[in-house]
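Going by TrEMBL, these are the annotated features:
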DOMAIN    6-250  domain 'Thiazole synthase ThiG'
ACT_SITE  Lys98  active site, schiff-base intermediate with DXP
BINDING   Gly159, Ala185, Gly186, Asn207, Thr208  1-deoxy-D-xylulose 5-phosphate binding site
Amino acid sequence: MTDTLKIADKTFRSRLFTGTGKFSSSKLMQEAIVASESELVTVALKRVDLHSTCDDILMHLKQDHINLLPNTSGVRTAKEAVFAAQLAREALQTNWIKLEIHPDPKYLLPDPIETLKATEILVKEGFIVMPYINADPVLCKRLEDVGAQCVMPLGAPIGSNKGLITKDFLKIIMEQSKVPVIVDAGIGAPSHAAYAMELGADAVLVNTAIAVSKNPVQMGIAFKMAVQAGRLAYQAKLAEVNQYAEASSPLTSFLNE
Ligand SMILES: CC(=O)[C@@H](O)[C@H](O)COP(=O)(O)O
């Protein structure tokens, strides 16, 4: 039986979503993404030439199995985000949008109030909204209530590579969410991605760790395998953590009964 992930009208075989920033060339970006087998790839609207039919980034992402997910990175308010999403829909012919509203350039932390406001408006306008947010279980429920198709809580600040520093809150989100939970940002190593999947994430989104590694193609493969391993482990149910030792074989003494 194939283990797939459904978000809105699309079904994904891969639970690794990827980003397109920070690669040293578009060709390398394409090779790494293809090697990772990612099927949902986010691209910052501000980085593409919406008036050109042969934008370098977009040209390299023209593959049958790759779905484009424009993101609103760079906007500071709900109003700007809505405008950016409308532009993306027009130019890229998709109503999918990764909603990112982070006005503070130092930590790039998402603004929860503007994100909720924008989600409400965009859902009403027929968008499939994938909001990037802090790992806030209450906000996740509010976003779900207004029609977000998934939630994308951060593991750590974007580009920090710190891993799942929000893990306790991610666990609550995964326990409560009725929409897919995609752990996004700060995932700095395949082991972080595997851990997120072991916890029960539906998918992860990784950009920096693949793009800036010495060998992005190999790292793309490493992330693919880590996500698969973490997912399998989650499905197989991990053994409980015990306070005390538990012998693996009977504790009878050797030779004398
Ligand atoms: C590309 C993108 O959407 C990023 O904003 C995303 O959050 C990934 O973060 P990392 O670069 O830390 O993987």
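Here the Cβ of each residue, glycine as well, is placed from N, Cα and C on the backbone.
Remember, TrEMBL labels are computer predictions, not curated facts.
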Three-class DSSP secondary structure - Lys98 (active site, schiff-base intermediate with DXP): strand
Cβ neighbours of Gly186 (1-deoxy-D-xylulose 5-phosphate binding site) where a neighbour is any other Cβ within 10 Å: 22
Lowest local Cβ density (other Cβ within 10 Å) among binding-site residues: Asn207, Thr208: Thr208
In three-state DSSP terms, the structure that Thr208 (1-deoxy-D-xylulose 5-phosphate binding site) belongs to: helix
Average pLDDT across the domain 'Thiazole synthase ThiG' (6-250), rounded to a whole number: 95
